[in-house]
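*Asks:* Annotations for this protein, taken from TrEMBL, read as follows:
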SIGNAL    1-19  signal peptide
TRANSMEM  59-83  transmembrane segment
TRANSMEM  90-110  transmembrane segment
TRANSMEM  130-150  transmembrane segment
TRANSMEM  162-183  transmembrane segment
TRANSMEM  213-236  transmembrane segment
TRANSMEM  243-273  transmembrane segment
TRANSMEM  285-304  transmembrane segment
TRANSMEM  316-345  transmembrane segment
Amino acid sequence: MIVLFLSGMVAMIMLRTLYRDISKYNELETQEEAQEETGWKLVHGDVFRPPSNSDLLCVYVGTGVQFFGMILVTMMFAILGFLSPSNRGGLMTAMLLLWVFMGLFAGYASSRLYKMFKGSEWKKIALRTAVMFPGIVSAIFFVLNALIWGQKSSGAVPFGTMFALVFLWFGISVPLVFVGSYIGSKKPAIEDPVKTNKIPRQIPEQAWYMNPAFSILIGGILPFGAVFIELFFILTSIWLNQFYYIFGFLFLVFAILIVTCAEITIVLCYFQLCSEDYLWWWRSYLTSGSSALYLFLYATFYFFTKLEITKLVSGALYFGYMLIASYAFFVLTGTIGFYACFWFTRLIYSSVKID
């Protein structure tokens, strides 16, 4: 309730401020003051300049879309009662299969963005989208599995299953990403609402609180705070062998997470544009994505306070899996933040008159 109330307030304040800004900018056109513009309208010629490492951003956004789709559909199934939480394997299998089929959307999202950045080699982006995130996760997973094998434990993933996973990845996921990318690259590129200048303008000296590192770290606190309580129950259900049944509530928490990610990123992006810093592409992704850092710190805290794990291998397993979870959370929240900002900047710049 508190989070919903707060986010409603933030949205109201933002709407009023923006409305005032836009009407002020549009009135200025009639007067002579139009020469001395201030605030976010000043950077309209640079706001849609493609960022550095734009290829990597496309890949990460595509992966985030894939992840978002997977989580959303899994939760729908769980709420409707198709997936029983007492059958652990069922949930995991469903998530993996959904991940594989959501590759279509990943390819589409990354190639649309890539085309907007005037990129021409969509095949390269498709390949990176298909391989990067699963590759990193598989590498960590393989190391962890090798550790369990070394302990001669029955918990190790057998070779046949490993082979099946690789087949799912390269046999189904990769082709689907390519199909999605192909469809995306055939669509007309997304048009920017304002023209980009040839020469990038200089960014003025920023105040200490607008420092990228500081604002990125601040941005992660709110989304993490939104899922913080639920996280305790999820961790307990994973590591202390209890069952997790309240999927309806989890869905609500997920909705709140989306709203908080979007809002904190939009607010910080607005402040950033007002202080004439137009490098928002990566900032928007990292602002909400930094909540994954807090997730990992909380997992560490949980390890030392709630779990009685003494063996080195067990500890390594815990942190390995939590690292994968945090990385996935980073990609998910970052993408939500990015799309929120993307929509926001296009909205505000298309609603002011620019000569």
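Even glycines carry a Cβ here, placed using N, Cα and C.
Note that the coordinates shown come from a computational prediction; the quantities given were computed from them, not determined experimentally.
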*Asks:* Is the count of Cβ pairs under 8 Å between the transmembrane segment (243-273) and the transmembrane segment (162-183), pairs 6 or more apart in sequence, 3 or more?
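*Replies:* Judged by the Cβ rule, the two regions do not touch, with the required three close pairs absent.
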*Asks:* Run the contact check on the transmembrane segment (316-345) against the transmembrane segment (130-150): 3 or more C-beta pairs under 8 Å, excluding pairs closer than 6 in sequence.
*Replies:* yes
*Asks:* Applying the under-8 angstroms CB criterion, which one of 130-150, 162-183, 213-236 scores highest with the transmembrane segment (59-83)?
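*Replies:* Going through each listed stretch, the top one turns out to be 130-150.
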*Asks:* Should anything in the same chain at least six residues away from the transmembrane segment (130-150) have a Cβ under 8 Å from its Cβ atoms, list it; otherwise answer none.
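*Replies:* Same-chain contacts beyond the ends: 59, 63, 66, 103, 106-107, 156-157, 162, 165, 169, 173-174, 177-178, 313, 316-317, 320-321, 323-324, 327-328, 331.
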*Asks:* Report, as numbers and ranges, every residue of the chain located at least six residues beyond the transmembrane segment (213-236) whose Cβ falls under 8 Å of a Cβ in that stretch; write 'none' if there are none.
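*Replies:* Apart from its flanks, the transmembrane segment (213-236) reaches 3, 242, 244, 246, 249-250, 253, 256-257, 260-261, 263-265, 268, 271-272, 283, 286-295, 298-299, 302, 306, 333, 337.
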*Asks:* Near the signal peptide (1-19), which same-chain residues lie under 8 Å Cβ to Cβ, leaving out any that are not at least 6 residues past its ends?
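*Replies:* The answer is 225-226, 256, 259-260, 263, 266-267, 270, 348.
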